[in-house]
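Engineer: Starting off with a structure, shown below.
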Amino acid sequence: MEPLLEVKNITKKFGGLTAVDNVSMQIFPGEVIGILGDNGAGKSTLIKVISGVYHAEAGQIFYEGRRIKISNPTEALKIGIETIYQDLALAENMNVYSNIFLGREKLKKFLGLVDVLDHDYMHSESKKVLNRLDINIPSLKNKISTLSGGERQAVAISRSIYWNAKLLIMDEPTAALGVAEQKKVLNLVKTLSSQGVSIFIISHQIHDVFSVATRLLIMRRGKKVAERITKKTSADEVVGLIVGSILGEYN
Amino acid sequence: MKNLQFKNIIRQYGILFGLTGLIIVFSLLSKQFFTISNMLIVMRQTSIVAFLGVGMTFVILGAGIDLSVGSVLAFSGAVAAGVIQKEGVFLGILAGLALGVILGAFSGLVIAKLKIPAFIVTLAMMAMARGGTLVYTEGRPITGLPSSFAFLGRGYIGNIPFPIILTLIIFILAYIILKLTRFGRYVYATGGNINAARASGIKVDNIIISNFTISGFLSGLTGIVLASRLNSAQPTAGMGYELDAIAAVVLGGTNLFGGEGELWGTLVGAFIMGILNNGLNMLNVSSFYQQVVKGIVILIAVTVAQSGKK
């Protein structure tokens, strides 16, 4: 099987600081990979290179076998790479369906002249995708600011699924959630994976990552220090790799 | 829950109760106040603040602020009047509008691309445009404008002063842009969470530049209408108007930090300011006290709006 995404020798610097140092990795369709590491290990920078927020100084990205250049987030979205950010990237002052369609609003002709927003269409389409993912939100006309953390997460994920994400990047998806809601999000990850969506999960919560990811990628000081099959490693080993008390194969 | 709904209603429509209250009080105190002719006068006065307020609503919804509207108004009015004397009414109006657009776009460009706070940039623009006005006019009013130019500020369609009709047209256009179009969504999104907007592929820089350009255009238009109404361009025109425009937006319930608010609120806010001016004049309240009353009203309105939030 061909990897959905492969990055080779990615390096990203901020001034004198090398945030990501010569990292290579690949992800297959439907695979869930956990990216682990301490603060400042370069996890977020790495995924921001993939999602088009940052430009790498060196390295190549291959997507479905083709070499690509992702110059901005819009280009990443177009080819099916969606990111669920730590701050969720939802406009809290806007309602659920407006957020699901944010940046890609459905338009219709008004009086045959002006392109205006097609609220009915966006509302009903949003309803459909939420139902498909078994997500319950009282009214899609509610502003995001009235929703719980888990509901916001669900909206952000539904949005990417609606737009046919093939690769989902989740940055600390469970960080701000209660225990019950964390479970729901992790179940959602499993559902998505079974539907063929590839997922990168970045998290400090090793336990969460262990419960959903099949493969783990450990970063330290900008470098990828180790790669492990989840079933063939332990939380202790992974913690050791993260803090550097155990040396990985790439150290 | 009921209490919350009640608070929401107060927050959204409290301004209308306030307006009704003011009209009732002034009607009781003065017989001439609530007459059609006086209301038309109020609306015509209101139109100036309303034009600026509409532009300011775009800017504030996008989490900006525009302190330069009063100065841009004066500069545009002066340049329009100057060009009208030499080149005729049409080119004069065009020049005034173009200047407003250029100054607004320049502010927006600096704010969006150089990431300098709107407060600072438009404060600088306020000084530059006022200075430009004084240089252009040599500190003297430009008078002697042709009678064909009078229609904008003093004309009537039927019994209705033209500035009121212009206010309605601008309001409807702005409402369509803000509420029905994709651009309007992006203004709200940019003001609500600029990072989310950017991550969604919205070109937030363009939204910010457009907002300030709209504000500049409407400032220019206001300057031209004011010059027409006064039959002259005054170098000191529009001084302090930026505060009236901001007050109208805030009175109208728009969140000063962006993302939340309604255009009709601004219109009502502008109308309240007009009613206050007119009503207090009719009651022979000295203009010194009027300032005090205006300040108190703004404070009360914002306090009520705040109490509706958590």
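Cβ atoms here come from the backbone N, Cα and C positions, even for glycine.
Just lifted these from TrEMBL, have a look:
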TRANSMEM  B:12-29  transmembrane segment
TRANSMEM  B:50-83  transmembrane segment
TRANSMEM  B:89-111  transmembrane segment
TRANSMEM  B:118-136  transmembrane segment
TRANSMEM  B:156-178  transmembrane segment
TRANSMEM  B:207-227  transmembrane segment
TRANSMEM  B:263-280  transmembrane segment
Engineer: May I ask which of the stretches B:50-83, B:89-111, B:207-227 has the most CB pairs under 8 A with the transmembrane segment (B:263-280)?
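Structural biologist: Per the Cβ under 8 Å count, B:50-83.
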Engineer: So which of B:12-29, B:50-83, B:89-111, B:156-178, B:207-227 has the most C-beta pairs under 8 Å when paired with the transmembrane segment (B:118-136)?
Structural biologist: B:50-83
Engineer: Is it the case that the transmembrane segment (B:207-227) and the transmembrane segment (B:50-83) touch, counting contact as three or more CB pairs under 8 Å in which the residues of each pair are 6 or more positions apart?
Structural biologist: yes
Engineer: At a C-beta cut-off of under 8 Å, are there same-chain residues at least 6 beyond the transmembrane segment (B:12-29) that contact it? List them, or none.
Structural biologist: 251-253, 262, 265, 268-269, 271-272, 275-276, 279, 282-283, 301, 304-305, 308
